[in-house]
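What TrEMBL says about this protein:
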- HIS19: active site, proton acceptor (ACT_SITE)
- TYR14, TYR66, ASN68: tRNA binding site (BINDING)
- ASN9: site 'Discriminates between blocked and unblocked aminoacyl-tRNA' (SITE)
- ASP93: site 'Stabilizes the basic form of H active site to accept a proton' (SITE)
Amino acid sequence: MWLILGIGNPEKKYESTRHNAGFMAVEIIAKNHKINSFREDPKLQAQIAEIVTDKNKVILAKPMTYVNKTGEALKKIAQKFKIKPDHIIIIQDDLDIPFGKVKNSFDKNDGGHKGIASIIATLRTKKFYRVRIGLANPSLKRARDKKNDSTKIDQVSEFVLKKFSPTEIKELPKVLKIVRERTVLLMK
């Protein structure tokens, strides 16, 4: 059994924001398997769907804990379904990768992503898979180039909580298709 967990924020106002790229990817994977909705599980603090791909039973999850506390929901889901860290795939946004690029990783540090930091702290290991969706673009670079640290932090936070630009929205289906393909390959 595998767990594919998308990182994101649960409120409607965050639905199409950059920080919710993980949620968007998990939804695409579900739709590709004819699943149109997730069921809310308050005990797991997540929305859950189940699919079968090749020989694998897969739990799809969207935590309702907000990005910074993703590990709380992940722990409950992994315990309930008895899923070991090396059978967990986290789909996340990544500010260090250019928009449109997707990278896989395993056994890596959090890279400054608070959701990943929460997962590492909860699991007490980095030995899980990650599919990282690039978000970096010129407006992020301008925010990161600010001299004042508090202004920089505010603008970077604002960047991830903004909706994708019209140009990015046109590219997003192609990017999410790559994410889906990469995720499925990790389970083989």
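Going from the start of the chain as shown, residues are counted 1 onward.
Glycine is treated like the rest: Cβ placed from N, Cα and C.
Here the features listed in TrEMBL are placed on the structure.
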{"residue": "ASN9", "record": "site 'Discriminates between blocked and unblocked aminoacyl-tRNA'", "DSSP (3 states)": "coil"}
{"residue": "TYR14", "record": "tRNA binding site", "DSSP (3 states)": "helix"}
{"residue": "HIS19", "record": "active site, proton acceptor", "DSSP (3 states)": "helix"}
{"residue": "TYR66", "record": "tRNA binding site", "DSSP (3 states)": "coil"}
{"residue": "ASP93", "record": "site 'Stabilizes the basic form of H active site to accept a proton'", "DSSP (3 states)": "strand"}
With an 8 Å cut-off on Cβ-Cβ distance and a minimum sequence separation of at least 6, pull the same-chain contacts of the residue listed as 'active site, proton acceptor', or say none. ILE7, GLY8, ASN9, VAL67, ASP93, VAL160, LEU161
What same-chain residues, at least 6 away in sequence, bring their CB to under 8 Å of the CB of ASN68 (tRNA binding site)? LYS114, GLY115, SER118
Do any residues at least six apart in sequence from TYR14 (tRNA binding site), in the same chain, have a Cβ closer than 8 Å to its Cβ, and if so which, in order? GLY8, ASN20, LEU161
Including all protein chains displayed, how many Cβ atoms other than that of ASP93 (site 'Stabilizes the basic form of H active site to accept a proton') lie within 10 Å of its Cβ? 25
Apart from TYR14, TYR66, ASN68, which residues in this chain have a Cβ no more than 8 Å from the mean position of the Cβ atoms of those residues at the tRNA site? GLY8, ASN9, PRO10, HIS19, THR65, VAL67, LYS69, GLY115
